[in-house]
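Trainee: First the structure, then my questions, so here it is.
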Amino acid sequence: MVLINQLGAVLAVCATLTVAAPTKGKARFNVPQVAIPKKMVHHPAVSYARALHKFGMKVPKTVQDAAKGSVPTTPTPSDEQYVTQVTVGEGKLNLDLDTGSGDLQGHNLYKPTSNSKRLNGYSWQISYGDMSSAGGDVFLDTVSIGDVTASSQAVESAKKVSDQFAKDKATDGLMGLSFSVLNTVQPKPQTTFLDTVLSQLEKPLFTCTLKHGEPGSYDFGYIDDAKHSGEITYTQVDNSEGWWGFTADSYSIGGPNTTSFRGDSSGMANGGSISGIADTGTTLMLLSDDVVGEYYGQVQGATNDQQQGGYIFPCDAQLPDFTLSIGGYNAVVPGKFMNYQEIDGSMCFGGLQSSGSSGGPNIFGDVFLKSQFVVWDTQGPRIGFAPQA
């Protein structure tokens with residue numbers, strides 16, 4: 001870890017909103033994402049390690065070792081992170097909107113102003129599976145996104161940061177859109193951005209339209225019917241632990257009518273249901289060993305490579321589609337989305353990896369979410385899916 005004064009800056013992130021600014025009527029607004037440089041400076045196993053650690057799963061030594069490596073060739077462009085501009089105090093930060101976090105955390109310049117207020121005795125600390133970490137003090141400041149402003153936001157100002165965070169120039173941090181129970185500010189957790197601004201929104205929901213290979217967008221307070229085709233299928237959310245958790249009735253590899261379809265003809269669970277967490281802050285999709293092994297068993301040349309820290313395959317391999325059946329709706333992830341990143345000129349790292357042998361949670365990250373139009377509705381709560389228009 002490097003003390004922040006040695007870096008010549010105060011790194012920060014916004015964690016939680018406690019007071020929403022008054023508004024006339026109800027707000028609805030669109031927030032476009034910002035394109036970030038596509039050239040990656042770390043091994044793809046870093047994304048894998050961070051995802052495992054984020055959800056309390058053991059990070060195998062092989063993954064840790066691979067995450068410390070580098071990619072010697074210019075990699076194929078990948079959708080590692082999606083960022084959105086958020087005004088924090090007097091500055092603008094490019095943040096990853098993260099439904100798997102209750103904080104707003106980051107690693108870019110933050111300067112408390114005369115309007116900022118330190119929360120004495122409050123602190124924060126985060127770490128990830130690739131050994132990156134940051135921590136520091138908490139201030140109250142103004143945070144705005146779109147047409148909504150929180151006038152008293154808990155801003156996590158970093159006093160120390162590891163080299164991994166200091167070298168990450170692609171994004172400035174993350175804004176949590178989970179339920180407030182996940183907030184990590186101590187000694188008293190704060191409300192999330194989403195929970196704070198709900199009263200300002202026309203409807204207590206937001207949607208995301210993540211894209212493959214290009215920026216997408218978030219809409220707050222309304223559903224833009226021009227962004228999806230067909231009806232939206234909803235399913236109940238389990239938020240008992242703060243996550244946007246849901247259960248898919250069944251899955252299939254190669255299509256819902258293939259022999260690997262798990263479930264009966266009605267689409268109801270028959271030993272093939274998959275419960276997991278929808279998380280825009282996780283790049284990959286993580287499923288159980290048997291499902292992942294079954295998928296790559298249909299990919300010629302695929303192998304679980306210990307040196308690379310996960311499943312890899314020839315970059316020109318034909319990858320089958322992966323389908324989740326949710327309330328009678330088939331959410332299809334095109335096979336090409338499963339090709340996450342080139343690692344050595346001929347082999348590629350998979351966008352689907354194992355959630356571990358210890359029974360860790362399944363994670364429906366961006367590899368899955370960018371194939372769908374998704375509604376995150378706090379009433380219920382529930383989550384909805386439809387094909388993107």
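Any Cβ shown, glycine's included, is placed from N, Cα and C.
Okay, so Swiss-Prot annotates it like this:
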{"type": "SIGNAL", "residues": "1-20", "note": "signal peptide"}
{"type": "DOMAIN", "residues": "82-386", "note": "domain 'Peptidase A1'"}
{"type": "ACT_SITE", "residues": "D98", "note": "active site"}
{"type": "CARBOHYD", "residues": "N257", "note": "N-linked glycosylation site"}
{"type": "ACT_SITE", "residues": "D279", "note": "active site"}
{"type": "DISULFID", "residues": "C315-C348", "note": "disulfide bond"}
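In terms of burial and nearby residues, how do these features look in this structure?
Mentor: Cβ neighbour count for D98 (active site): 24 (other Cβ atoms within 10 Å of its Cβ, all protein chains included).
For D279 (active site), applying a Cβ distance below 8 Å and a minimum sequence separation of six or more within one chain yields D98, T99, G100, W243, W244, I363, F364, G365. In the three-state DSSP scheme, D279 (active site) falls into the coil class.
In the three-state DSSP classification, C348 (disulfide bond) falls within a strand.
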